[in-house]
Amino acid sequence: MKRFVGFVRKEFYHIFRDKRSLFILFGMPIAQILLFGFAITNEINNVNIAILDQANDVTSKEIINKIASSKHFSIVDVIQQESSIESIFKKGKVKAVVQFENNFGNNLIKKKQANVQVLTDATDPNMASTISNYISSILKKYQQELNKNSTIDYQIIPQSRMVYNAELKSVYMFVPGVMTVILMLVSAMMTSISITREKEQGTMEILLVSPLKPFQVIIGKVFPYIFLSVINAIVIVLLSIFVFNVPVNGSLFLLGVESVLFIITSLALGILISTISATQQTAMMISLMGLMLPTILLSGFIFPISSMPLPLQVISNIIPAKWFIIIVKGIMLKGIGIGYIFKETAILVLMTLLFIGISVKKYKIRLE
Amino acid sequence: MGITVSNISKSYGKVTALSAISFDVKPGELFGLIGPDGAGKTTLFRILTTLLIADKGQAAVAGYNVLNDYKSIRKSVGYMPGRFSLYQDLTVEENLNFFATIFGTTIEENYDLVKDIYVQIEPFKNRRAGKLSGGMKQKLALSCALIHKPKVLFLDEPTTGVDPVSRKEFWEMLKRLQKKGITILVSTPYMDEAALCDRIALIQDGKILEIDSPSAIVSHFPKPLYNINADNMYGLIESLTKYEHTYSIFPFGEFVHYTDKWDSMDKESLKAYLESQGLTDIHIEETQPTIEDTFMELAK
């Protein structure tokens with residue numbers, strides 16, 4: 001234990017005396033979260049939606065067919081009552097629900113106007129508004145076709161409603177993303193660099209010729225970063241709450257536990273990287289190219305996964321950040337409990353165990 | 001309890017670093033590995049400190065096999081790699097403290113062992129290790145390698161890049177450590193340091209040329225050796241190279257070390273030859289061979 005404490009103390013000296021790592025550790029989270037306050041528009045493709053058809057008549061069926069034949073949407077569920085809307089959103093299976101009112105077709109003929117409600121999951125605000133615009137335009141087109149052959153002016157009135165993030169704040173979307181990227185960067189890159197630094201400077205040689213066991217070296221190396229990453233996560237959450245007024249609808253405790261889990265996943269990845277790279281530069285390049293880019297581009301942070309081509313959608317599944325972003329969005333914006341994110345949590349746990357297993361197998365007790 | 005090396009071979013791809021090396025270091029001995037850069041000294045150190053695995057052969061350190069008992073060896077040896085391998089961003093005291101802690105001891109506990117060395121760097125104990133001079137870095141590295149009271153000490157070129165005064169001090173320290181019962185294996189490219197060891201092994205291209213005490217090695221020098229100097233060093237070497245009786249010549253400081261093909265050499269005819277080559281101020285006298293001469297002779 002004394003050895004461990006001595007080792008950890010040494011690691012803290014390294015961190016606090018290296019201005020560069022200090023900047024990455026604490027400057028980056030603040031800078032990134034403030035910078036990423038901007039929206040990015042994107043096109044949508046094959047977005048999963050559900051239909052709630054309370055009219056179930058010829059007209060509503062015709063409109064549903066129009067929506068289904070559009071390349072932008074795929075109808076994955078048909079629900080029967082209004083009460084299922086909330087649970088289907090919480091499961092995260094669909095991004096929008098299109099609801100036809102009772103007697104939709106009759107209303108259109110008799111009252112000359114009928115209502116369609118478009119409910120969107122606005123935790124991703126860009127996507128939500130795009131979806132509702134697309135659906136409105138499908139409805140409008142149908143209405144024009146109807147009016148062409150008739151003297152009566154029929155009106156279909158779409159009513160959009162945002163669920164979870166009614167004010168459409170894009171920052172709500174970015175907070176979970178930035179948090180993920182920061183934790184990934186700090187944990188994986190910094191640990192892999194700090195372990196390879198020992199190799200590069202030759203101190204690993206002395207550490208190996210000492211009674212320290214490999215796992216003691218590794219735990220000693222990662223421990224300070226768990227601690228610092230947790231501080232980072234707290235800073236990010238506080239910034240989001242007090243600077244951007246992002247709500248935390250779910251349990252803060254659950255958010256904390258999940259964050260620690262993701263930090264450990266990233267640290268395990270960092271250790272893995274350090275076992276396969278000999279120099280700090282290699283470790284940094286692997287971390288940046290192999291971790292940062294996929295984390296930013298393929299995790300659903302900036303581009304919605306559902307709009308990606310199929311191969312990329314498949315790849316996105318092996319990116320830990322994807323699952324953590326789902327978890328954070330769920331807890332912060334939807335206020336859901338562990339029951340709804342059990343699968344994502346389990347995937348992260350499995351990934352972590354896998355990374356640690358490979359690292360232990362690959363860790364060298366000698367120089368070659 | 002010392003070191004036993006038998007038939008150790010190691011190659012990196014096609015490059016042979018060590019070929020069938022064997023020697024023994026007795027307990028409490030100060031043993032020197034003398035050889036030029038690339039002779040295989042560092043590879044041998046890494047095999048003995050369990051950092052590398054030999055392709056062939058057996059070795060034991062302090063009674064432990066380097067392959068199977070590597071954990072025991074790592075607890076009982078001190079190792080100072082050729083490259084300065086301490087934490088440059090930690091202060092002198094923090095480095096020493098760190099190495100004491102990971103070996104489960106404290107500075108106070110083994111202070112008497114490092115005292116002689118540590119007092120010299122103690123005035124700078126709050127200075128970062130990276131900011132120390134070369135000699136002080138080596139003293140700190142030695143302190144760190146000693147702080148856990150090792151049975152065997154491995155020093156890989158500890159004096160390379162260190163000024164002559166510090167080198168002398170460093171060797172005096174090694175002598176004192178030896179008196180405390182520590183077995184020391186030290187490597188150096190400097191032949192003058194070899195004379196300070198109990199026994200030395202001359203090593204080149206991964207092979208041991210000779211193992212013996214420095215004085216015995218010198219006495220093995222096969223021929224009488226002469227110091228020759230003249231007004232023009234370059235002309236002297238050039239003339240001697242062309243001389244028909246020359247067996248070997250080797251520039252050594254302000255002299256040229258010369259051996260003749262015949263055991264009874266004729267000083268006068270050599271002098272006459274050199275004068276005929278236009279050299280003046282010629283002195284020729286017999287001298288004692290050094291380890292360097294022996295090495296050059298053996299390495300031929």
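Glycine residues also receive a Cβ, built from the backbone N, Cα and C atoms like all the rest.
Here TrEMBL flags A:21-40 (among others) as transmembrane segment.
Annotated domain 'ABC transmembrane type-2' per TrEMBL: A:132-366, in sequence order.
Taken from TrEMBL, the feature transmembrane segment applies to A:171-195 (among others). Residues 11, 14-15, 21, 24-25, 28-29, 32-33, 36-37, 123-126, 165, 218, 221-222, 225-226, 228-229, 232-233, 236-237, 240, 244, 246, 259, 262-263, 266-267, 269-271, 273-274, 277, 280, 283-284, 286-288, 291-292, 295-296, 299, 301-302, 320-321, 324-325, 328-329, 332-333 of the same chain sit 6 or more residues outside the transmembrane segment (A:171-195) yet have a Cβ under 8 Å from a Cβ within it.
What TrEMBL lists as transmembrane segment is A:222-246 (among others). Non-local neighbours of the transmembrane segment (A:222-246) in the same chain are 8, 11-12, 15, 25-26, 29-30, 33-34, 37, 169, 171-172, 175, 178-179, 182-183, 186-187, 190-191, 194, 252, 255-256, 259-260, 263-264, 266-267, 270-271, 332-333; each lies 6+ residues outside the stretch with a CB under 8 Å from one of its CB atoms.
Annotated transmembrane segment per TrEMBL: A:252-273 (among others), in sequence order. When Cβ-Cβ distances below 8 Å are used as the criterion, the transmembrane segment (A:252-273) is approached by residues 179-180, 183-184, 186-192, 195, 218, 221-222, 225-226, 229-230, 233, 237, 283, 286-287, 290-291, 320, 324, 327-328, 331-332, 337-338, 341, 345, 348-349, 351-352, 355-356, 358-359, 362 of the same chain, each at least six residues removed from its ends.
Positions annotated as transmembrane segment by TrEMBL: A:285-304 (among others).
Annotation comment: TrEMBL describes A:340-360 (among others) as transmembrane segment. Through the fold, the transmembrane segment (A:340-360) approaches residues 90-92, 214-215, 218, 258, 261-262, 264-265, 268-269, 271-272, 275, 320, 323-324, 326-327, 330-331, 334 of its own chain, all at least 6 residues removed from its boundaries and within a Cβ separation under 8 Å.
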